Amino acid sequence: MTFTVLCSFVLAFYVVIWFFNSLFKSCMHYPYYAFLEGTGLKIGIFNFSWTTTAFNRFLYRWSKNLTRVLRKWFTCGYYFTVWLFLPFSLWILLTFIFEHFYETIQINSMPEIRGVLPGVNIPTSDFWVYFLAIGMSSIFHELGHALAAAQEDVQLIAVGVYVFAIIPIAFVQLNTEHLNSLAITKRLRIYCAGVWHNVVMAFMAMLLFFSAPILFNIAYETDMGVKVVDFTEDSPLKEARGFNIGDVVTSVNGCDIKNANDWSYCLHIAHDRYGICTSAEFIAQNDEIMMETVKENDIVECCRKDDLYSFCFEYMEPKVVIDSVLPGQYSCLKPRDMVKNKLIKCTESNGYSCPRSMHCLKPSLNNHTYLIIIERKDDNAVLYLGLPHDLYETVFIDQYFPRISLLSFFSPSHLEKLLRYIFIFSMGIAFLNVVPCYGTDGHHIAKSLIQILAKYLNKNGDFVTFFTVFTVVVGTGVTIPILIYLFYKEIFVGN
(Lines of atoms letter the chains of each structure in order from A and count residues from 1; the text may use other names and numbers.)
(Lines give C-alpha, C1' and ligand atoms only; values in the text may rest on other atoms or scores of the structure.)
Protein backbone atom coordinates (compact mmCIF):
# COMPACT_ATOMS: atom_id res chain seq x y z
CA MET A 1 0.00 0.00 0.00
CA THR A 2 1.52 3.30 -1.08
CA PHE A 3 1.18 6.63 0.68
CA THR A 4 -1.26 7.83 -2.01
CA VAL A 5 -3.51 4.80 -1.54
CA LEU A 6 -3.42 5.26 2.23
CA CYS A 7 -4.41 8.93 1.92
CA SER A 8 -7.28 7.90 -0.38
CA PHE A 9 -8.59 5.42 2.20
CA VAL A 10 -8.33 8.01 4.99
CA LEU A 11 -10.11 10.63 2.86
CA ALA A 12 -12.90 8.19 1.96
CA PHE A 13 -13.34 7.21 5.63
CA TYR A 14 -13.73 10.80 6.79
CA VAL A 15 -16.07 11.66 3.91
CA VAL A 16 -18.36 8.82 5.01
CA ILE A 17 -18.15 9.90 8.67
CA TRP A 18 -18.90 13.52 7.73
CA PHE A 19 -21.88 12.45 5.59
CA PHE A 20 -23.56 10.39 8.33
CA ASN A 21 -22.72 12.98 10.99
CA SER A 22 -24.42 15.70 8.92
CA LEU A 23 -27.36 13.42 8.12
CA PHE A 24 -28.03 12.48 11.75
CA LYS A 25 -27.69 16.08 12.92
CA SER A 26 -30.36 17.20 10.45
CA CYS A 27 -32.75 14.21 10.66
CA MET A 28 -32.28 13.06 14.29
CA HIS A 29 -31.26 16.32 15.88
CA TYR A 30 -32.03 15.85 19.59
CA PRO A 31 -31.46 12.06 19.90
CA TYR A 32 -28.16 12.31 18.04
CA TYR A 33 -26.87 15.22 20.11
CA ALA A 34 -27.88 13.33 23.26
CA PHE A 35 -25.96 10.31 21.98
CA LEU A 36 -22.81 12.38 21.30
CA GLU A 37 -23.00 14.05 24.72
CA GLY A 38 -23.61 10.78 26.54
CA THR A 39 -20.75 8.92 24.83
CA GLY A 40 -18.30 11.84 24.78
CA LEU A 41 -17.82 11.63 21.01
CA LYS A 42 -16.94 14.68 18.91
CA ILE A 43 -16.50 14.56 15.14
CA GLY A 44 -14.59 17.21 13.20
CA ILE A 45 -12.82 17.63 9.89
CA PHE A 46 -10.29 14.80 9.57
CA ASN A 47 -10.48 14.16 13.31
CA PHE A 48 -12.68 12.76 16.04
CA SER A 49 -12.31 12.49 19.80
CA TRP A 50 -13.73 10.60 22.76
CA THR A 51 -13.71 11.84 26.38
CA THR A 52 -14.83 10.16 29.60
CA THR A 53 -14.77 10.66 33.36
CA ALA A 54 -14.99 6.92 34.10
CA PHE A 55 -11.29 6.67 35.03
CA ASN A 56 -11.05 9.72 37.29
CA ARG A 57 -11.87 7.96 40.58
CA PHE A 58 -9.55 5.07 39.77
CA LEU A 59 -6.62 7.44 39.02
CA TYR A 60 -7.20 9.38 42.27
CA ARG A 61 -7.38 6.21 44.35
CA TRP A 62 -4.27 4.71 42.76
CA SER A 63 -2.34 7.97 43.22
CA LYS A 64 -3.23 8.26 46.91
CA ASN A 65 -2.37 4.62 47.63
CA LEU A 66 1.14 5.13 46.22
CA THR A 67 1.75 8.66 47.51
CA ARG A 68 5.31 8.21 48.78
CA VAL A 69 6.52 6.23 45.80
CA LEU A 70 4.92 8.48 43.19
CA ARG A 71 6.15 11.67 44.82
CA LYS A 72 9.77 10.45 44.60
CA TRP A 73 9.08 9.08 41.13
CA PHE A 74 7.86 12.39 39.70
CA THR A 75 10.59 14.35 41.51
CA CYS A 76 13.17 12.20 39.70
CA GLY A 77 11.27 12.84 36.48
CA TYR A 78 11.38 16.59 37.07
CA TYR A 79 15.15 16.65 37.62
CA PHE A 80 15.84 14.28 34.73
CA THR A 81 13.69 16.18 32.25
CA VAL A 82 14.92 19.67 33.14
CA TRP A 83 18.63 19.00 33.70
CA LEU A 84 19.34 16.12 31.29
CA PHE A 85 16.71 15.50 28.64
CA LEU A 86 15.93 19.14 27.82
CA PRO A 87 19.62 20.05 27.15
CA PHE A 88 20.05 16.80 25.20
CA SER A 89 17.01 17.56 23.01
CA LEU A 90 18.17 21.11 22.32
CA TRP A 91 21.61 19.77 21.38
CA ILE A 92 20.00 17.27 18.97
CA LEU A 93 17.91 20.05 17.42
CA LEU A 94 20.86 22.40 16.94
CA THR A 95 23.10 19.62 15.66
CA PHE A 96 20.47 18.62 13.11
CA ILE A 97 20.23 22.21 11.87
CA PHE A 98 24.00 22.62 11.55
CA GLU A 99 24.45 19.25 9.86
CA HIS A 100 21.72 19.74 7.25
CA PHE A 101 22.02 23.43 6.49
CA TYR A 102 25.74 24.11 6.80
CA GLU A 103 27.75 21.81 4.55
CA THR A 104 31.10 22.96 5.98
CA ILE A 105 30.22 21.52 9.40
CA GLN A 106 30.72 17.78 9.73
CA ILE A 107 29.18 16.09 12.76
CA ASN A 108 29.62 12.32 12.67
CA SER A 109 27.98 11.59 16.02
CA MET A 110 24.56 12.90 15.00
CA PRO A 111 21.78 10.31 15.63
CA GLU A 112 19.63 9.65 12.58
CA ILE A 113 16.30 11.50 12.66
CA ARG A 114 13.61 10.39 10.23
CA GLY A 115 9.90 10.89 9.76
CA VAL A 116 7.91 7.69 10.27
CA LEU A 117 4.93 7.30 7.93
CA PRO A 118 2.78 4.22 7.26
CA GLY A 119 2.74 3.36 3.58
CA VAL A 120 6.03 5.19 3.02
CA ASN A 121 8.76 3.74 5.23
CA ILE A 122 6.54 1.42 7.24
CA PRO A 123 5.23 -1.65 5.35
CA THR A 124 1.52 -2.46 5.18
CA SER A 125 1.93 -5.45 7.50
CA ASP A 126 3.17 -3.13 10.27
CA PHE A 127 0.10 -0.86 10.37
CA TRP A 128 -1.36 -2.53 13.45
CA VAL A 129 1.99 -2.23 15.24
CA TYR A 130 2.20 1.45 14.26
CA PHE A 131 -1.21 2.29 15.76
CA LEU A 132 -0.71 0.15 18.86
CA ALA A 133 2.76 1.56 19.60
CA ILE A 134 1.84 5.22 19.16
CA GLY A 135 -1.38 4.68 21.15
CA MET A 136 0.47 3.02 24.04
CA SER A 137 3.17 5.71 24.04
CA SER A 138 0.57 8.49 24.09
CA ILE A 139 -1.54 6.86 26.83
CA PHE A 140 1.48 6.27 29.07
CA HIS A 141 2.53 9.89 28.52
CA GLU A 142 -0.87 11.21 29.65
CA LEU A 143 -1.00 8.72 32.53
CA GLY A 144 2.09 10.46 33.90
CA HIS A 145 0.33 13.86 33.80
CA ALA A 146 -2.83 12.43 35.40
CA LEU A 147 -1.06 10.69 38.30
CA ALA A 148 1.22 13.68 38.94
CA ALA A 149 -1.79 16.03 38.96
CA ALA A 150 -3.71 13.73 41.33
CA GLN A 151 -0.68 13.79 43.64
CA GLU A 152 -1.00 17.56 43.91
CA ASP A 153 -4.82 17.46 44.32
CA VAL A 154 -5.43 19.04 40.93
CA GLN A 155 -8.91 18.24 39.63
CA LEU A 156 -9.07 15.75 36.72
CA ILE A 157 -11.92 16.89 34.49
CA ALA A 158 -11.73 14.07 31.92
CA VAL A 159 -9.44 11.80 29.97
CA GLY A 160 -9.82 10.83 26.34
CA VAL A 161 -8.39 9.99 22.94
CA TYR A 162 -8.11 12.34 19.96
CA VAL A 163 -7.54 10.88 16.49
CA PHE A 164 -6.15 13.19 13.81
CA ALA A 165 -6.32 11.44 10.41
CA ILE A 166 -4.77 8.10 11.46
CA ILE A 167 -2.73 9.23 14.48
CA PRO A 168 -4.23 8.44 17.93
CA ILE A 169 -3.34 10.91 20.70
CA ALA A 170 -4.41 10.50 24.34
CA PHE A 171 -5.10 13.60 26.45
CA VAL A 172 -5.97 14.66 30.01
CA GLN A 173 -8.13 17.67 30.89
CA LEU A 174 -7.06 19.35 34.16
CA ASN A 175 -8.54 22.21 36.13
CA THR A 176 -6.44 25.17 34.96
CA GLU A 177 -7.14 27.29 38.06
CA HIS A 178 -6.02 24.51 40.40
CA LEU A 179 -2.91 23.91 38.31
CA ASN A 180 -1.86 27.58 38.15
CA SER A 181 -2.34 28.01 41.91
CA LEU A 182 0.42 25.47 42.66
CA ALA A 183 4.03 26.32 43.40
CA ILE A 184 6.31 26.39 40.36
CA THR A 185 8.20 23.21 41.28
CA LYS A 186 4.93 21.29 41.74
CA ARG A 187 3.72 22.47 38.36
CA LEU A 188 7.01 21.36 36.80
CA ARG A 189 6.51 17.87 38.26
CA ILE A 190 3.18 17.67 36.43
CA TYR A 191 4.48 19.15 33.17
CA CYS A 192 7.57 16.90 33.15
CA ALA A 193 5.70 13.72 34.10
CA GLY A 194 4.67 12.91 30.51
CA VAL A 195 8.19 13.26 29.11
CA TRP A 196 9.59 11.26 32.02
CA HIS A 197 7.11 8.43 31.42
CA ASN A 198 7.96 8.31 27.71
CA VAL A 199 11.70 8.11 28.35
CA VAL A 200 11.19 5.33 30.93
CA MET A 201 8.88 3.49 28.53
CA ALA A 202 11.45 3.75 25.74
CA PHE A 203 14.18 2.43 28.05
CA MET A 204 12.01 -0.52 29.17
CA ALA A 205 11.11 -1.32 25.55
CA MET A 206 14.81 -1.32 24.62
CA LEU A 207 15.66 -3.53 27.59
CA LEU A 208 12.94 -6.05 26.71
CA PHE A 209 13.95 -5.97 23.04
CA PHE A 210 17.52 -7.05 23.79
CA SER A 211 16.32 -9.56 26.41
CA ALA A 212 13.77 -11.26 24.13
CA PRO A 213 16.10 -14.07 22.90
CA ILE A 214 16.84 -15.01 26.53
CA LEU A 215 13.23 -14.67 27.74
CA PHE A 216 11.88 -16.89 24.94
CA ASN A 217 14.75 -19.36 24.96
CA ILE A 218 12.62 -22.08 26.58
CA ALA A 219 10.06 -22.15 23.77
CA TYR A 220 12.09 -20.95 20.77
CA GLU A 221 15.51 -21.68 19.30
CA THR A 222 17.78 -19.01 17.86
CA ASP A 223 21.20 -18.82 16.16
CA MET A 224 20.07 -21.27 13.47
CA GLY A 225 19.83 -18.75 10.64
CA VAL A 226 16.90 -16.56 9.65
CA LYS A 227 13.61 -17.76 8.19
CA VAL A 228 11.85 -15.98 5.30
CA VAL A 229 8.30 -15.21 6.43
CA ASP A 230 6.95 -12.66 3.93
CA PHE A 231 7.69 -10.25 1.07
CA THR A 232 6.55 -6.82 0.01
CA GLU A 233 4.35 -6.64 -3.07
CA ASP A 234 7.19 -5.33 -5.23
CA SER A 235 9.89 -7.66 -3.90
CA PRO A 236 12.17 -8.98 -6.68
CA LEU A 237 12.96 -12.05 -4.55
CA LYS A 238 9.53 -13.71 -4.54
CA GLU A 239 9.61 -14.92 -8.13
CA ALA A 240 10.05 -18.54 -9.15
CA ARG A 241 13.84 -18.40 -8.85
CA GLY A 242 13.78 -16.45 -5.58
CA PHE A 243 12.82 -17.38 -2.02
CA ASN A 244 9.99 -19.53 -0.78
CA ILE A 245 8.13 -18.84 2.45
CA GLY A 246 9.90 -20.81 5.15
CA ASP A 247 13.37 -20.82 3.52
CA VAL A 248 16.18 -20.68 6.08
CA VAL A 249 19.01 -18.37 5.04
CA THR A 250 22.44 -19.35 6.37
CA SER A 251 24.82 -16.94 4.61
CA VAL A 252 25.04 -13.96 2.25
CA ASN A 253 28.17 -13.78 0.07
CA GLY A 254 29.94 -16.16 2.43
CA CYS A 255 29.00 -14.15 5.53
CA ASP A 256 27.48 -16.58 8.05
CA ILE A 257 24.02 -15.69 9.35
CA LYS A 258 22.75 -16.94 12.71
CA ASN A 259 20.25 -14.26 13.72
CA ALA A 260 18.58 -11.03 12.59
CA ASN A 261 21.60 -8.91 13.53
CA ASP A 262 23.80 -11.05 11.30
CA TRP A 263 21.29 -10.63 8.47
CA SER A 264 21.55 -6.83 8.71
CA TYR A 265 25.33 -6.91 9.05
CA CYS A 266 25.89 -9.30 6.13
CA LEU A 267 23.66 -7.24 3.84
CA HIS A 268 25.62 -4.15 4.86
CA ILE A 269 28.99 -5.66 3.94
CA ALA A 270 27.47 -7.12 0.76
CA HIS A 271 28.37 -3.75 -0.79
CA ASP A 272 32.03 -4.87 -0.78
CA ARG A 273 33.16 -6.04 -4.20
CA TYR A 274 34.53 -9.57 -4.39
CA GLY A 275 35.60 -12.30 -6.76
CA ILE A 276 34.96 -16.05 -6.82
CA CYS A 277 37.80 -18.54 -6.62
CA THR A 278 37.29 -20.97 -9.51
CA SER A 279 39.41 -23.93 -10.56
CA ALA A 280 41.22 -23.84 -13.89
CA GLU A 281 39.61 -27.17 -14.79
CA PHE A 282 36.07 -25.77 -14.29
CA ILE A 283 36.91 -22.72 -16.41
CA ALA A 284 38.29 -24.85 -19.23
CA GLN A 285 35.18 -27.05 -19.29
CA ASN A 286 32.50 -24.35 -18.92
CA ASP A 287 33.85 -21.14 -20.48
CA GLU A 288 31.46 -19.91 -23.20
CA ILE A 289 33.22 -16.65 -24.03
CA MET A 290 32.24 -14.80 -27.18
CA MET A 291 33.92 -11.87 -28.87
CA GLU A 292 34.45 -9.19 -26.24
CA THR A 293 32.41 -6.02 -26.61
CA VAL A 294 32.55 -2.95 -24.41
CA LYS A 295 29.30 -1.23 -23.46
CA GLU A 296 28.83 2.51 -23.18
CA ASN A 297 29.39 2.42 -19.43
CA ASP A 298 32.69 0.56 -19.90
CA ILE A 299 31.31 -2.78 -18.71
CA VAL A 300 32.73 -5.72 -20.62
CA GLU A 301 30.14 -8.16 -21.99
CA CYS A 302 31.59 -11.43 -23.20
CA CYS A 303 28.51 -13.69 -23.14
CA ARG A 304 25.75 -14.14 -25.71
CA LYS A 305 22.91 -11.65 -25.30
CA ASP A 306 20.32 -14.44 -25.18
CA ASP A 307 22.17 -16.24 -22.35
CA LEU A 308 20.31 -15.20 -19.19
CA TYR A 309 22.23 -17.42 -16.77
CA SER A 310 25.86 -16.54 -17.54
CA PHE A 311 27.98 -13.58 -16.48
CA CYS A 312 31.16 -12.16 -17.82
CA PHE A 313 33.98 -12.52 -15.28
CA GLU A 314 37.31 -10.73 -15.23
CA TYR A 315 40.51 -12.42 -14.06
CA MET A 316 42.01 -10.55 -11.09
CA GLU A 317 45.75 -10.47 -10.39
CA PRO A 318 46.58 -12.36 -7.16
CA LYS A 319 49.02 -11.07 -4.56
CA VAL A 320 51.48 -13.86 -5.31
CA VAL A 321 51.82 -14.17 -9.08
CA ILE A 322 52.34 -17.90 -9.59
CA ASP A 323 50.61 -19.63 -12.53
CA SER A 324 48.25 -16.66 -12.79
CA VAL A 325 46.44 -15.08 -15.68
CA LEU A 326 46.99 -11.38 -16.19
CA PRO A 327 44.08 -8.96 -15.66
CA GLY A 328 42.26 -7.91 -18.79
CA GLN A 329 41.22 -11.44 -19.74
CA TYR A 330 37.63 -12.62 -19.35
CA SER A 331 35.52 -15.76 -19.18
CA CYS A 332 31.79 -16.34 -19.62
CA LEU A 333 30.56 -18.65 -16.84
CA LYS A 334 27.40 -19.58 -14.97
CA PRO A 335 27.76 -18.25 -11.39
CA ARG A 336 25.29 -20.80 -10.05
CA ASP A 337 27.57 -23.63 -11.16
CA MET A 338 30.61 -21.79 -9.79
CA VAL A 339 29.22 -21.77 -6.23
CA LYS A 340 27.37 -25.09 -6.41
CA ASN A 341 29.78 -26.85 -4.07
CA LYS A 342 31.21 -24.00 -1.99
CA LEU A 343 31.72 -20.25 -2.31
CA ILE A 344 35.34 -19.22 -1.88
CA LYS A 345 35.65 -15.44 -2.02
CA CYS A 346 38.67 -13.40 -3.06
CA THR A 347 38.69 -9.71 -2.22
CA GLU A 348 40.84 -6.72 -2.96
CA SER A 349 41.88 -6.47 0.71
CA ASN A 350 43.74 -9.77 0.52
CA GLY A 351 45.03 -9.21 -3.00
CA TYR A 352 42.45 -11.43 -4.73
CA SER A 353 44.47 -14.48 -3.70
CA CYS A 354 43.06 -17.99 -4.17
CA PRO A 355 44.24 -21.53 -3.41
CA ARG A 356 46.65 -23.17 -5.83
CA SER A 357 45.28 -24.05 -9.27
CA MET A 358 42.37 -21.65 -8.80
CA HIS A 359 41.78 -18.21 -10.34
CA CYS A 360 39.98 -15.20 -8.88
CA LEU A 361 37.13 -14.19 -11.18
CA LYS A 362 35.30 -10.94 -10.49
CA PRO A 363 31.89 -10.32 -12.14
CA SER A 364 31.90 -7.46 -14.64
CA LEU A 365 29.14 -5.19 -13.27
CA ASN A 366 28.43 -1.48 -13.08
CA ASN A 367 28.92 0.51 -9.88
CA HIS A 368 25.24 0.23 -8.89
CA THR A 369 24.79 -3.52 -9.30
CA TYR A 370 25.98 -6.31 -7.02
CA LEU A 371 26.02 -10.07 -7.35
CA ILE A 372 24.55 -11.39 -4.09
CA ILE A 373 24.80 -15.10 -3.36
CA ILE A 374 22.36 -16.24 -0.64
CA GLU A 375 22.85 -19.72 0.77
CA ARG A 376 19.77 -21.62 1.97
CA LYS A 377 19.48 -24.63 4.25
CA ASP A 378 18.59 -27.82 2.35
CA ASP A 379 18.17 -25.97 -0.95
CA ASN A 380 20.16 -24.37 -3.75
CA ALA A 381 21.59 -20.89 -3.33
CA VAL A 382 19.63 -17.87 -4.54
CA LEU A 383 21.59 -15.52 -6.81
CA TYR A 384 20.37 -11.94 -6.97
CA LEU A 385 21.68 -9.20 -9.22
CA GLY A 386 20.84 -5.81 -7.71
CA LEU A 387 21.22 -3.87 -4.47
CA PRO A 388 21.55 -5.35 -0.96
CA HIS A 389 19.09 -2.69 0.17
CA ASP A 390 16.37 -4.40 -1.91
CA LEU A 391 16.70 -7.55 0.16
CA TYR A 392 16.65 -5.69 3.46
CA GLU A 393 13.54 -3.67 2.57
CA THR A 394 11.46 -6.25 0.68
CA VAL A 395 12.19 -9.56 2.44
CA PHE A 396 10.85 -10.10 5.97
CA ILE A 397 12.71 -12.56 8.14
CA ASP A 398 12.35 -14.20 11.56
CA GLN A 399 15.17 -15.44 13.78
CA TYR A 400 12.98 -17.57 16.08
CA PHE A 401 12.29 -21.27 15.46
CA PRO A 402 9.59 -22.85 17.70
CA ARG A 403 10.67 -25.95 19.59
CA ILE A 404 7.17 -27.44 19.21
CA SER A 405 4.75 -26.95 16.31
CA LEU A 406 1.98 -25.63 18.58
CA LEU A 407 3.97 -22.40 19.01
CA SER A 408 4.27 -21.71 15.28
CA PHE A 409 1.24 -19.35 15.32
CA PHE A 410 3.25 -16.77 17.30
CA SER A 411 6.79 -15.52 17.01
CA PRO A 412 8.69 -13.31 19.48
CA SER A 413 9.70 -11.22 16.47
CA HIS A 414 6.19 -9.71 16.55
CA LEU A 415 6.85 -8.54 20.10
CA GLU A 416 10.30 -7.26 19.09
CA LYS A 417 8.72 -5.24 16.29
CA LEU A 418 6.21 -3.72 18.72
CA LEU A 419 8.98 -2.89 21.21
CA ARG A 420 11.05 -1.27 18.47
CA TYR A 421 8.14 1.00 17.47
CA ILE A 422 7.36 1.80 21.11
CA PHE A 423 10.94 2.96 21.57
CA ILE A 424 10.78 5.11 18.42
CA PHE A 425 7.44 6.74 19.24
CA SER A 426 8.08 7.17 22.96
CA MET A 427 11.35 8.95 22.31
CA GLY A 428 9.73 10.99 19.55
CA ILE A 429 6.83 12.09 21.77
CA ALA A 430 9.24 12.89 24.61
CA PHE A 431 11.42 14.97 22.28
CA LEU A 432 8.49 16.93 20.81
CA ASN A 433 7.05 17.62 24.27
CA VAL A 434 10.25 18.88 25.87
CA VAL A 435 11.15 21.36 23.11
CA PRO A 436 9.50 24.77 23.80
CA CYS A 437 6.96 24.54 20.97
CA TYR A 438 3.50 26.15 21.20
CA GLY A 439 0.83 23.96 22.82
CA THR A 440 3.23 21.25 24.03
CA ASP A 441 4.53 20.42 27.51
CA GLY A 442 7.75 22.20 26.52
CA HIS A 443 5.78 25.46 26.29
CA HIS A 444 4.70 25.17 29.94
CA ILE A 445 8.08 23.85 31.10
CA ALA A 446 9.84 26.83 29.50
CA LYS A 447 7.38 29.27 31.08
CA SER A 448 7.88 27.74 34.53
CA LEU A 449 11.68 27.84 34.20
CA ILE A 450 11.51 31.49 33.13
CA GLN A 451 9.34 32.23 36.17
CA ILE A 452 11.98 30.66 38.41
CA LEU A 453 14.66 32.78 36.70
CA ALA A 454 12.54 35.95 37.07
CA LYS A 455 12.04 35.24 40.76
CA TYR A 456 15.78 34.77 41.23
CA LEU A 457 16.57 38.02 39.33
CA ASN A 458 13.71 39.85 41.02
CA LYS A 459 11.99 40.66 37.68
CA ASN A 460 8.31 41.44 37.10
CA GLY A 461 5.65 39.74 34.98
CA ASP A 462 6.64 41.58 31.79
CA PHE A 463 10.00 39.81 31.87
CA VAL A 464 8.25 36.42 32.09
CA THR A 465 5.78 37.26 29.31
CA PHE A 466 8.41 38.57 26.89
CA PHE A 467 10.88 35.71 27.25
CA THR A 468 8.13 33.07 27.27
CA VAL A 469 6.71 34.39 24.01
CA PHE A 470 10.19 34.75 22.53
CA THR A 471 11.22 31.21 23.52
CA VAL A 472 8.01 29.62 22.25
CA VAL A 473 8.07 31.54 18.96
CA VAL A 474 11.68 30.51 18.31
CA GLY A 475 11.03 26.89 19.35
CA THR A 476 7.92 26.64 17.18
CA GLY A 477 9.59 28.40 14.27
CA VAL A 478 12.45 25.92 14.33
CA THR A 479 10.60 22.68 15.15
CA ILE A 480 7.67 22.90 12.72
CA PRO A 481 9.82 23.51 9.58
CA ILE A 482 12.12 20.64 10.59
CA LEU A 483 9.13 18.27 10.94
CA ILE A 484 7.77 19.37 7.57
CA TYR A 485 11.22 18.86 6.03
CA LEU A 486 11.56 15.35 7.53
CA PHE A 487 8.18 14.16 6.25
CA TYR A 488 8.68 15.81 2.86
CA LYS A 489 12.04 14.07 2.58
CA GLU A 490 10.48 10.67 3.36
CA ILE A 491 7.53 11.09 0.97
CA PHE A 492 9.10 12.78 -2.04
CA VAL A 493 12.86 12.30 -1.71
CA GLY A 494 13.62 9.20 0.38
CA ASN A 495 11.73 6.79 -1.90
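Placed from the backbone N, Cα and C atoms, the Cβ positions cover glycine too.
Per TrEMBL, the features are:
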- 131-470: domain 'Peptidase M50' (DOMAIN)
- 5-24: transmembrane segment (TRANSMEM)
- 30-55: transmembrane segment (TRANSMEM)
- 76-98: transmembrane segment (TRANSMEM)
- 127-144: transmembrane segment (TRANSMEM)
- 156-175: transmembrane segment (TRANSMEM)
- 195-218: transmembrane segment (TRANSMEM)
- 418-435: transmembrane segment (TRANSMEM)
- 463-488: transmembrane segment (TRANSMEM)
Sort out for me which stretch, of 30-55, 127-144, 156-175, 195-218, 463-488, has the most Cβ pairs below 8 angstroms to the transmembrane segment (418-435).
195-218
Please work out whether the transmembrane segment (156-175) lies in contact with the transmembrane segment (463-488), by counting C-beta pairs under 8 angstroms that are 6 or more apart in sequence and asking whether there are at least 3.
no
Tell me whether the transmembrane segment (76-98) sits in contact with the transmembrane segment (463-488), defined here as at least 3 Cβ pairs under 8 Å among residues 6 or more apart in sequence.
yes
The transmembrane segment (30-55): which same-chain residues, six or more beyond its ends, come within Cβ distance under 8 Å?
10, 14, 17-18, 21, 24, 157-165, 173
Contact between the transmembrane segment (127-144) and the transmembrane segment (195-218) (at least 3 Cβ pairs under 8 Å, separation 6+):
yes
